[in-house]
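Chemist: Quick paste of what TrEMBL says about this protein:
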type	residues	note
DISULFID	19-53	disulfide bond
DOMAIN	20-93	domain 'Ribosomal protein/NADH dehydrogenase'
């Protein structure tokens, strides 16, 4: 999974939105708890933001060059599915290069 070390080449900012306590956000919370440290270590200059708000549905947002943003809902996704969604966002970022 070498693409994890290249997040900052294609993405300018990564945002996770989730509820602190809802069951719908449990897989997103687990993903962040397990993978944040590794993603941040591999991409030290990439802002990885964790936004918690009561009742919000879990989402992943990526900001690319020129202010282009792309988001995906994470509700019902497993950890491997979240990884796949993140990988797809990284690959999509190649087309947004300035």
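Placement of Cβ uses the backbone N, Cα and C atoms for every residue, glycine included.
Show me how these features fit into the shown structure, please.
Modeler: The number of other Cβ atoms within 10 Å of the Cβ belonging to residue 19 (disulfide bond), over all protein chains shown, comes to 18.
Per-residue confidence over the domain 'Ribosomal protein/NADH dehydrogenase' (20-93) averages out at a pLDDT of 94.
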Chemist: With Cβ-Cβ distance below 8 Å and at least 6 positions apart along the chain, what are the contacts of residue 53 (disulfide bond)? List them in sequence order.
Modeler: 17, 19
